[in-house]
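Take a look at the structure below.
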Amino acid sequence: MDPQQQSAIQGAKVLMVGAGGIGCELLKTLALSGFHDIHIIDMDTIEVSNLNRQFLFRRSHVGQSKAKVARDAVLRFRPHINIRSYHANVKNPEFDVDFFKQFDVVLNGLDNLDARRHVNRLCLAADVPLVESGTTGFLGQVTVHVKGKTECYECQTKPTPKTYPVCTITSTPTKFVHCIVWAKDLLFAKLFGDKNQDNDLNVRAKKEASSSKETEDVFERAEDEDIEQYGRKIYDHVFGYNIEAALSNEETWKNRTRPRPIYSKEVLPESLTQKNGSTQNCSATDVDDSTVSAMPLLGLKNPQELWGLTQNSLVFIEALKLFFAKRKKEIGHLTFDKDDQLAVEFVTAAANIRAESFGIPLHSLFEAKGIAGNIVHAVATTNAIVAGLIVIEAIKVLKKDEDKYRMTYCLEHPSRKMLLMPVEPFEPNPSCYVCSKTPLVLEINTQKSKLRDLVDKIVKAKLGMNLPLIMHGASLLYEVGDDLDDIMVANYNANLEKFLSELPSPVINGSTLTVEDLQQELSCKINVKHREEFDEEKEPEGMVLSGWTQSPPTKGESASTSKNESDVDVTESSSGPEIASKKRRLSETEPKNHKRETENVEGEDDDYLMEIEDDDLTEIENPMTVSKKKKRVA
Ligand SMILES: Nc1ncnc2c1ncn2[C@@H]1O[C@H](COP(=O)(O)OP(=O)(O)OP(=O)(O)O)[C@@H](O)[C@H]1O
Ligand SMILES: [Zn+2]
C-alpha cells in the first residue's frame, strides 16, 4: 500500500449506514483495510433469517441491535480501532447536516429507496462524498456521488416497481405472477384487509342466487355462518362463477385460451372436517398466532413440493378457516406479509387454483413466496464483492483521485468475459431537482385537488420529504414540526382540506410553490399548471409531476437505445441493487472506448476486474438457468 493511501485510510472518519448483508462485509473489510474510525447506523435487530449471510451475527444475537453486535464482533479482531454504533433510523433528526459534516465519506449498505434518498440529500447538504451500493442475488452495484463532480443518487429517475394492467390481473392472466398479484392484492386484501378499500374483484353474487338482494357482497360472512361453508362459497364464487361470467364475453377469448371454471365440489370431499381433522381438532391454545399454519394439519411438510389442484384447494379452505378460527381479531386490518406463514399458504393456494383454471403452470409455496414477496435470494458472495468495491471507491474518494472514480456493476452473466463492469460516472444532471435548482412542473386540477393530495402524493411520496414546508410567495401554507403552536397546527390542518385554488394564497395555473425539507436542507420550486382532466388508467393519481430528465451521456460514452449483450443495465428495486435504470454502454462498436475503460481500472491497485473464460460459464450460472437449458436440449 502506498504511503498516500495509508495516510488517507488512517486519517479518515467514515460513516456506514446499514449493517445488514452488505454492511457486515463492509465493516469487516474496512477494519481489515486499516480504517480506524468507523461509525455505523442501523435501525434493525438481528433476525434468524439474517444469519446465513450476515456473518458477524450468531444465533445468540437474535433480537439484539445489528449495529452494536457488528461493532463488538469486529472489535474482537481489531480491538484498538474506534467503532461507534447507533441503533437508530438514519432519518432521525439527530443525524442532521452537522452530524454528517464530521465524516470524510459516507458508505451506504441500505435496502430501500427512501433511506437512500434521504442520505443522498444529507450528503449533498453536508458536502460529504457518498459511496452507494446495492445487491439483488447475483447482481450488484457500487456508485460514487461527489457533489458537483458526479451525478447525485437522484439525478436519474428510479423505475417504480413493476405494475400490471388491471384487466390482466382481473380477467386475463397469462403468467403465474399475475395469479399471485390477484391472490395477494385482490383476494387476500378483500377477505382479510380493509373492507372499505376499492377492490377490482368481482364481489357480486350470482343473479339468480340473490334475486332479492342483487347487490349483496358475497364476501360478507354472516355471524353464524359455518366457516367451511363460507370458504366453499368464496371458492365457488372466485374460481367458478367469476370465470363463467368472464367466459360469457366471447370477444375476450377470441385470441386467448379459455379458462376453466373450477367448483369446490369437483375437487373436495363433501366435508373436510371429518376427513382431515382440521381446525376443530386444534384448540385455541395449541398454537400461537404467528405460527398458525395449514400445512402440518394437511400433512404437507415440504415447501418446495408442487401441490396438485386438490392439495391447493385443501390449503385454500384450511388457511381461510384458520384465519377465522385463530386470527379473527386481525381480519379487516391485514396486509400481505411474506413472513406471515398462513398468508403465504393462502396466497399460494389461491394463485395455484387460478393458474390451473387459466392453464398456467403451478408453483411451490417456496417459489410463490419468492414471487409474492418480491424476494430475490441474497447471495453472500455478491455482498462481499460489493463491499470490497465500496472500500476501493472510498479510498479513491479519500485520495481525491477523481479521474479514477468508477460506477461498478456486478453482472450475472459475463459480458466480454467480465463479471464486473466499471464505467465512468456521469456528471451531475443539470436538471436534477435535488442537486441543482431546476424547478419541477406539476400538472394538477387546482380546483379539484386539495393541499392534502399535494402533500401526500407529491411532496412525501414523490419528493421523499420527511418534514416538509410549503410556501406560496410569502405565504406559508403548510409545515411540520414539534415547535408549532396549536393555532398554527389548526391552520395548517384546515389548509390541508382546502382545494389549491381556495387556499389563503390561491394556487392556480402559473403559481410557483417552494417546497423545503428542513432536515434534509433541500429546497425546490414547483411550477403549477392547471389541467382539467386526467386519464384514470394512465394517470390514476390525478396529477403529473415532471421536470427532471435523464442526464446526458457522460464524456466518451454514447447513450444506447438498443438492448444488446454489452448494455450494462442496472436499476432500482426497493430491496436492493438496482439493475437497470440507465444504460451505460461500453459499446460493441467502440472497442477503443471499452479498452480505455478497462485499462483505467486495471491500473496499480485497481485490478479487481473478474475475467473468466467461456468454458467457465456454467460455474457462475444460476442453477435454475442451467437446468432450464438442459431441459430444452432434452
Ligand atoms: N432508515 C434506515 N435507517 C437505518 N438503517 C436502515 C434504514 N433502512 C434500512 N436500514 C438497514 O439496512 C440494512 C439492509 O440490509 P439487508 O439488505 O441485508 O436487509 P436485511 O433486513 O438485513 O435482510 P432481508 O431484508 O433480506 O431480510 C438492514 O440492516 C436495515 O436495518
Ligand atoms: Zn442530482
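Quick reminder: no glycine exception, Cβ is built from N, Cα and C everywhere.
What TrEMBL lists as domain 'THIF-type NAD/FAD binding fold' is 3-433.
Secondary structure from DSSP puts D42 (ATP binding site) in a beta strand. There are 26 other Cβ atoms within 10 Å of the Cβ belonging to D42 (ATP binding site). Sequence annotations record features per position, and here TrEMBL assigns ATP binding site to 18-23, D42, 50-53, K66, 111-116.
Annotated Zn(2+) binding site per TrEMBL: C152, C155, C432, C435, in sequence order. Residues within less than 8 Å, Cβ to Cβ, of C435 (Zn(2+) binding site) and separated from it by at least 6 positions along the same chain comprise L124, K147, E151, C152, E154, C155, P428, N429. DSSP assigns C435 (Zn(2+) binding site) to coil, not to a helix or a strand.
The domain 'Ubiquitin-activating enzyme SCCH' feature in TrEMBL is assigned to 320-369.
What TrEMBL records for 442-534 is domain 'Ubiquitin/SUMO-activating enzyme ubiquitin-like'. Mean pLDDT for the domain 'Ubiquitin/SUMO-activating enzyme ubiquitin-like' (442-534) in the predicted structure: 93.
The annotation region 'Disordered' is assigned in TrEMBL to 532-634.
Annotation source TrEMBL lists compositional bias 'Polar residues' at 547-563.
What TrEMBL lists as compositional bias 'Acidic residues' is 600-619.
Checking the binding-site residues D42, D111, D114 against ligand 2 with a 6 Å cutoff on the Cβ atom leaves no residue at all. In the vicinity of ligand 1, defined as a Cβ distance under 6 Å, the following of the binding-site residues G18, G21, D42, D111, C432, C435 are placed: G18, G21, D42, D111. Residue pair D111 (ATP binding site) / C432 (Zn(2+) binding site) shows a Cα separation of 23 Å.
Each residue in the domain 'Ubiquitin-activating enzyme SCCH' (320-369) gets a DSSP state, and the totals come to 32 helix, 0 strand, 18 coil.
Each residue contributes its Cα atom, and for C432 (Zn(2+) binding site) and D114 (ATP binding site) these two points are 17 Å apart. With every protein chain in view, the residue among the binding-site residues D111, D114 whose Cβ has the most Cβ partners within 10 Å turns out to be D111. The Cβ of G21 (ATP binding site) has N50, R53, Q54, G109, T135, A378, A380, N383 as same-chain neighbours under 8 Å, each 6 or more residues away in sequence. Here the Cβ of C155 (Zn(2+) binding site) has 25 other Cβ atoms within 10 Å, regardless of which shown protein chain they belong to.
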